[in-house]
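*Asks:* What follows is a structure written as structure tokens; I'll ask about it next.
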Amino acid sequence: MPKYIPPEQPKVMQVIDIAFIVVAIFVALWLPLKLGLAGVSKAIDKIENPTWESLGQNPTMVGFWEKLGYDPTTAHDIIQNKFHYTWDITTLLVMVVVVVGYFIFLFRASDKEYREVIDEKFGDKK
Amino acid sequence: MTDAAITTSPSTVAPGQRVSLLRVLGPAHVWALGVGIVLVGEYTGWNFAVDKGGSLAALIVCWFIGLLYTSVAMIDSEVTSTVAAAGGQYAQAKHIVGPLMAFNVALYLVFAYTMLEVSDAILVGDLIVTVAGTEGLERHAFVVLTIVVLAWLNYRGVLMTLNVNFVITAIAYVAIIILFFSVQPWSQGTVLKLGDLITPENALPYGWIGVLAAFHFGIWFYLGIEGTTQAAEEVRSPARSLPYGTMAGMITLLIGAAMTWYVCASLLPWEYLGFTFFPLFDAARATGSGFLETLLFWGTVLAAVASANGCINDAARAWFSLGRDRYLPTWFSAVHPKYRTPYRSILFLLPIALAFAFIADLNQAITFSILSGLLGYTFMSINIMMFRRKWPLGSIRRGYTHPFHPMPAIALLSICVITYFAVFLGYGSQLIAMTLFYIVVSIWFHFYRYKYVRRGDQFTMPWPKPIGY
Amino acid sequence: MWFTLSYVAWALSAVLAAWMLFDWFKTDTTYSEDVLTSSREGEIEAATEKHKL
């Protein structure tokens, strides 16, 4: 197999390539934040006039809370802030398809490129 | 010692001589790089697993994820002691799976480490602002200082960088040990109140779904230990130092994670433990000892600094390797003739880290890092199976051969699947967004960028032809 | 005091960043691009380790 000689890339295109990667990174990381997609369903289950007892804290726990400088009112938002684990099967399927599809494409395309590499590297000798 | 090493390195380059990274590191530096990056996870981050599923769930995932990372460390040691090149998993992927995979792996690494670096710097800034307690004081100055000083250190040479990392990592680790022994861990009830804090009602407040969800942040106990491989081109004897340093690091971390969980779960109510950003520091405060409080404050700062330092080192090496193979412009593959560091890569990643330190918050930065890490581990489990198939034992010389193959690879892949589900429970849309990003850049690379890459030259190991090609 | 410290932090960051930029400029103008990008993967590997049994 003849040796593959890559074309020379002009300087300007190199800069554009880098700009593309950087923009893609920012879009991927920043956009979910801006669209408010990130994060979990966490909500505060409010209790009126909380006491340590109604917050379900035993005397030992109360001791540590107080050492850290909390009273029932300030601790309320921490203790009652709870997850609500719900999910729907559609989103899960979308995720599975995207991730699995990504890996399949990745390994297939890599294999194609890898064969060229091996052919060129080991082509003339056994 | 370190100064001498820097000044004795050739400052002028003779014509025709090549400028490469310096081979100056030993196993202790490998340990410092690996543990240095990870240890901050004991100081913050792992405790969000408590938030997701309760204290007991955090302990369960600590063990399971410990298993995952032991597999990672074993697999990595075998492959990297054989493929010893800067870029670590990137060079592994290039020789075993193929160029596109390698490109993706390098991006995972750059993402995981840069976001971790950002989290570390934010942590330092937040902690200083918390301790200062001054109205109107912003964290930005301290965040920027952390990132810039460490970039400078990295710019000036790898030996000094990792010597510093060794010292500060050791101090941060000793701080955990001191905390552990000063709360009389052998007698529950004196200082520690595990039995009162974890009751049958609150051990698993969300049941088993909470345990699954906790896998997400359980990763944080050990995330980054695989970074030891980035030093492959700079250690004196990669075949020996890398497995040794990585395994020693993993053992250090398993012990550290166990101590951290035990002390924190015995001193802080789980709701608080899952909420705080500084679990060990708060545990020290809960003991009421001023000495421990100061010690763990410095432990947190040093652990975060060590981590950011290692991350800059690793991300720059991965980026540098991409340039060297023309996956990105070769401009990035420059090595500083005097300091022998990939200086342009270090400088290029610096403003990116700074930008994210301003726009992201700690939780989000951590999640970005975890997602990229997770994609990387998925790759590693498949990679090792292909490695053993293409070059069976005995066909090439391996620095280290991991036992029980393919059990570690299968364990690793199964735990990755569980963790994907855990991520889905909290950050599913982010995972999809990130994967879409990787799909887009993969298409870009495969159909456009790859034409600038030399084919056969990418394969640099003096190995025989792989079986099946 | 903390505000003074934060100004010191800004100043120090600026100085170090400026030094790196200066050194970068100096290095890039002193050495040719061929020398700077002459590192090759696996070079030392091939010289020191033999992967034959």
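The backbone N, Cα and C atoms fix where each Cβ goes, glycine too.
Take a look at what TrEMBL says about it:
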DOMAIN    B:39-440  domain 'Amino acid permease/ SLC12A'
TRANSMEM  B:21-41  transmembrane segment
TRANSMEM  B:53-75  transmembrane segment
TRANSMEM  B:96-116  transmembrane segment
TRANSMEM  B:136-155  transmembrane segment
TRANSMEM  B:162-183  transmembrane segment
TRANSMEM  B:203-223  transmembrane segment
TRANSMEM  B:244-270  transmembrane segment
TRANSMEM  B:295-320  transmembrane segment
TRANSMEM  B:341-360  transmembrane segment
TRANSMEM  B:366-386  transmembrane segment
TRANSMEM  B:407-425  transmembrane segment
TRANSMEM  B:431-448  transmembrane segment
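How about a rundown of where these features are and what they're close to?
*Replies:* Sequence-distant contacts of the transmembrane segment (B:21-41) (same chain, six or more residues past either end, CB-CB distance under 8 Å): 5, 9, 86, 113, 116, 120, 123, 157-159, 162-163, 165-166, 168-170, 172-173, 220-228, 230-231, 233-236, 240-242, 244-246, 248-250, 252-253, 256, 300, 303-304, 306-307, 309-311, 313-314, 335, 340-342.
Counting residues 6+ beyond its ends, the transmembrane segment (B:96-116) has Cβ neighbours under 8 Å at 37, 79, 83, 87-90, 223-224, 227, 230, 307-308, 310-312, 314-315, 318-319, 321-322, 325, 327, 349, 352-353, 356, 360, 365-366, 368-369, 372-373, 375-376, 379, 382-383, 386-387, 390, 438, 441-442, 445-446, 450, 453, 458 in the same chain.
If you look at the transmembrane segment (B:136-155), the same-chain residues 6 or more away from its ends with a CB under 8 A from one of its CBs are 117, 120-122, 124-126, 128-129, 161, 164, 304-305, 308-309, 312-313, 316, 336, 339, 341, 343, 346-347, 350, 353-354, 357-358.
Below 8 angstroms of C-beta separation, residues 21, 86, 110, 114-115, 117-118, 121-122, 140, 143-144, 147-148, 151, 154-158, 312, 315-317, 319-320, 323, 331-335, 368 of the same chain, each at least six residues beyond the ends of the transmembrane segment (B:341-360), sit close to that stretch.
Tertiary neighbourhood of the transmembrane segment (B:366-386): same-chain residues 45, 48, 68, 71-72, 75-76, 78-79, 89, 92-93, 96-97, 101, 104-105, 107-109, 111-113, 115-116, 119, 216-217, 219-220, 223-224, 226, 360, 405-406, 408-410, 412-413, 416, 419-420, 423, 427, 430-431, 434-435, 438, selected by CB-CB distance under 8 Å and a gap of 6+ residues from either end.
Cβ atoms under 8 Å from those of the transmembrane segment (B:407-425) belong to residues 52, 64-65, 67-68, 70-72, 74-75, 209, 212-216, 219, 367, 370-371, 374, 377-378, 380-382, 384-385, 431 of the same chain, restricted to positions at least 6 beyond its ends.
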*Asks:* Is the number of Cβ-Cβ pairs under 8 Å between the transmembrane segment (B:203-223) and the transmembrane segment (B:244-270) three or more, considering only pairs separated by 6 or more positions?
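*Replies:* Contact criterion met.
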*Asks:* Under a Cβ pair cut-off of under 8 Å, which of the recorded stretches B:53-75, B:162-183, B:244-270 contacts the transmembrane segment (B:295-320) most often?
*Replies:* B:162-183
*Asks:* Would you mind giving the whole-number mean pLDDT across the domain 'Amino acid permease/ SLC12A' (B:39-440)?
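*Replies:* Taking every residue in the domain 'Amino acid permease/ SLC12A' (B:39-440) and averaging pLDDT yields 93.
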